[in-house]
Structure formats: structure tokens, C-alpha cells
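What Swiss-Prot says about this one:
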type	residues	note
BINDING	S137, P138, N139, H148, Y322, D326, Q350	L-arginine binding site
MOD_RES	A2	N-acetylalanine
REGION	470-484	region 'Interaction with tRNA'
MOTIF	138-149	motif ''HIGH' region'
Amino acid sequence: MATIVASKEFTGNPRRQLAKLFDVSLKLTVPDEPNVEPLIEPGKFGDYQCNNAMGLWSLIKGKGTQFRGPPAVGQALIQSLPTSEMVESCSIAGPGFVNVVLSSKWMAKSIENMLVDGIDTWAPTLSVKRAVVDFSSPNIAKEMHVGHLRSTIIGDTLARMLEYSKVEVLRRNHVGDWGTQFGMLIEFLFEKFPDTESVTETAIGDLQVFYRESKLKFDLNPEFKEKAQQAVVRLQGGDPVYRQAWAKICEISRNEFAKVYKRLRIELEEKGESFYNPYIANVIEELSSKGLVEESKGARVIFIEGFKIPLIVVKSDGGFNYASTDLTALWYRLNEEKAEWIIYVTDVGQQQHFDMFFKAARKAGWLPDDDKTYPRVSHVGFGLVLGDDNKRFRTRAAEVVRLADLLDEAKDRSKAALIERGKDKEWSPEELDQIAEAVGYGALKYADLKTNRITGYTFSFDQMLNDKGDTAVYLLYAHARICSIIRKSGKDIDELKKTGKIALDHAAERALGLHLLQFAETVEEACTTLLPNVLCKYLYYLSEEFTKFYSNCQVNGSAEETSRLLLCEATAIVMRKCFHLLGITPVYKL
């Protein structure tokens, strides 16, 4: 059998490289079953295992096969496996599992190559080229609150992971900047500030209060309500005075959002509901021409199989709604932005809405019938942020928690903990401030991202700022400690990278090396499943593997110092890339 040299296509991705080897083996072992995909998983009794034997046996046992059972199929897979520098040995376990042990020399060489060529050479390659991630999406004239936290940071992490995996990502902020509520806001603005051109953020003050006061007047004052309804008509009709007032409210709101995004290091391009207005009528017309739109109780609707209530696309008063805007946005993203994968990050409560409008899009022929081919749509639903009482997280006054206040408190608590440890005497005020911010915001993000997004989680500053266990604080400490070990060696790590060699002779060295090499497949899994907690789990276990390595293997002053310093550096690099993908700023000293 010819030797297959490790493929550069999947550098630093043993799982993918093994899949290529076993793909050859499968085609040689069972040439009559050409569509069988290699099933490669991390192994219980080896580094990896191939799980095809049992499935293959069930396919071929009635077809006059030479094999006598799954173990014989597994043995044949081993015999047909091309020789490769990455594989040390293979063996059969149980009912035909093929256990694979990687070559320690190959593992060491792969890590050395990453240290020279950079962590980006380990980035997975996905089959999709361009994706839209629709996330955050607050409503104009309302402040961002704790409910926006999850969409904002989950969406940002998904975008970062896809970008790292060589996907062009269009980060979209689908803000609520249109609708009947603007009539009441504009009319209230006119009453308070007859000269709207001179209105500033300072003059309006707290937008949340402004919104509440206008809503109260709308509910209690019939004359004001009528004016507000007329204002909506004028705004939608393009009246320049009303358009200007609307633009002013949007601008003030946008500036408030920008402050939060800057603090969280979130990049977004706004394409709000109003952006799609010019396209809605044509999209509804296209859906009507395909026979999808029907009249029902004065409204125009699409009936969706499996749902009792239809999807309303034109209200009985002739106005448009969320469904009309969302369908139009999807049409635009597919036809104008040429996106192959459109990902919506919202709470799980909106699941039915997405199910219905995705089915409507399939009915229209915009999307394929299955979820495996492109273009594809995905709803990334997430659970609630809960308080100690297991109910929706609120302030003591039963108010929604403002996101800006939450960020302030995270930073303040982080700073207080650092001062308690005397860091204000060691560091400059600027350093203290920067590190407090990195730790505080990092703790907030990680506590959210480490939870499977589908479930809710209980918000607790005490828990998330704990320096022990699965927290950002613990992980940032671990990274800072690795940096300290390298600094204390007195060696130029960049020079060592060029000439030094890694040996994975000790069991703890090898375990750490294997975990480092599982980084690319972890990012790929987190991207394809749209689950950031997969990456968080990897990062936490990486810090645990490093702790075991450091407890068992002396680094500085040992005979293996160069190799072990390079392992420290590789761990720090992978940790930093994980932090980057999670939107967390690493710290180099704590």
C-alpha cells in the first residue's frame, strides 16, 4: 500500500486526516458501498476510533460477503488503511471498533509547525463561503437590557468562529426601527420639542423614560393617540418633517447601542427593518404569483402545513408586519447578498415564527427541502437569563436589568477583587482598569457561552467571578500563569520556536499535545452545531490538561526545558485563540 503523507488541507486536524485515510480504506474494503462516510470519533482505548464496522456489516451481511462479522470488517479496514506518518498503530476492540494511536513524533511535529506557521494554519475549512449572522437586534428608543446580552454575545462568537473558518460573514443588526410605535414617539417629541432640529441626546435624557412617558400618554389620552396614528401614516407616506424626527430618534438610540457594542468589542452592520421597506411589496407579489398568498378575514396570509394559524403577510388594514419584513430580509439576503447560510440568533420563544417563515420560504422555492444542502437557514434559539428565584432576571424593583449597568457592575466587582489582592499597588491605574474590564466582561461572556444555549442559566456575579472551577477568571489566571512560566525562563520564546524540538515522552506531555491537536475539530463542531459551549468545554479541559502537565513535568531548569517551554507556548497560543473566538480579552498577568 502506498504511503499517504499527512495532508496540508487539514493541517492540525487529525480527525479530518484520519477520515481521509479511512475513506480510502472503506472504498478498498467494500467497493460495492461507495457512499459510506468514515465515522471517526475521539477514542476510549486509543486516540481516535473508526466506528464503521458494525454499520457496514448490517449493509453487507445479506449480500454473500466474505466477512464473518463486524470484527472481521474492522480487521479488513486496518489492512486496507494506507500507511501514514501520523498513525502509530491500529487495533480492534469490542464488536469491531478500530482504535487508532497517533504517532507521538507526528503529533510533536504538527505542534512545532503551528508554532512556526501560526494558529491560523489550524483553522478548519467549512463548505460554506458566505453567511449572514443576524444577532443583537434591539428596538429603537428602548435601552439594551439583559435579554439582549445572550443574542449579542452568542451571535458575535458564532460570527468569530465562522470567520476563523474562512467564511465571509455579514454581521447584521436587524434593529426594530419601524412600526406603529414611532407615531407615538414622534408626536411626543413634537410636543416636548417643537424645534426638533435642536434636539440632542442630552435634551431627551433617558430614552427608556421617554418611551414610557409617550406610551402612557398614548394609552390615556385619546386625542394624543389619534395624532400618533396620523403620524404613522405621515411617516410611512414619506413626509420629510416626520422622516426627520424619526431619523433623530433612531440616531440617538443608535449612539446608545454603539456605547454598549464598543465595551463588548462587538462589530455589527445595521440593516434595520426600515431598510427592507422598499422591497416588501415586490416580495409579497412574487409569493402571490406562486399561489402561496390567500385572503383570510381581510388579511393576506400563507397557510403552512402543520400550523393551525396562518402566517399573516399583509394585515387587514393593508399594513406590513414582522413576517412580511422577515420574508423580505431573507429574500434580500439570498438574492442580493448571495448568502449561503443565514443564521438568526434569538430567544427560543420565537421558534414557531421561524419554523413558519422558513417553511414559507421552502414553499416558495427559495430554499431546498432538506437542511443539509445550501442555501440553508438556522434559528439559533437560546433560553432565558434567570435570577436566584428561577424567574426572568430583574432588578429588585422588578425592572428589566439595563445591559450598561450590568457591565458597570461586572467591571466594578472585578476591580474590587483585584484591589483586595493588592494589585493597585503593583500596577498603574490604567493597567488595573484594563485588566478589571477584561476579567469582568470576560466573566460575563463566558458564564453565558459555557451553558448550552438552548437552556436558560442562573445569573450570579459571585459564581462567574470565582477564580476556581469553570469560569473565565480561572481560565484567564491559567493563561497568565503560562505567560509567567515562559517569562521566568529568561528564554527568547520566538527563537526557540524556530530551532527547538518538542518531545511528547511523558504521558502528561502526550495528553496535552493530543488535546492541543483537537482544537480545529472542536471549532468545526462548534460551527456546524452552532453551539459555543463546545469551544468553552474544550478550553476548560485544555487548562486542566495543562495543570496536570505542569504538576508532573518540571519546565524551567529541566533537561526537557526547551520542549516543555514550547508546549507552554503552544497552549498559550491555543488559549488566546479560544479567548478571541469567545470575544474575551486575554490578560498576561494577574
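Numbering starts at 1 and runs along the chain as displayed.
Every residue gets a Cβ built from N, Cα and C, even glycine.
Here the binding-site residues are S137, N139, Q350, and the one whose Cβ sees the fewest other Cβ atoms within 10 Å is Q350. Within its own chain, H148 (L-arginine binding site) has S136, P138, L403 as residues 6 or more apart in sequence whose C-beta sits under 8 angstroms from its own. For the region 'Interaction with tRNA' (470-484), the mean pLDDT of the prediction comes to 97. Least crowded of the binding-site residues (P138, Y322, D326), judged by neighbouring Cβ atoms within 10 Å of its own Cβ: Y322. Per the record's binding annotation for L-arginine, residues S137, P138, N139, H148, Y322, D326, Q350 show a top Cα-Cα distance of 19 Å. Summarised by DSSP class, the composition of the region 'Interaction with tRNA' (470-484) is 13 helix, 0 strand, 2 coil.
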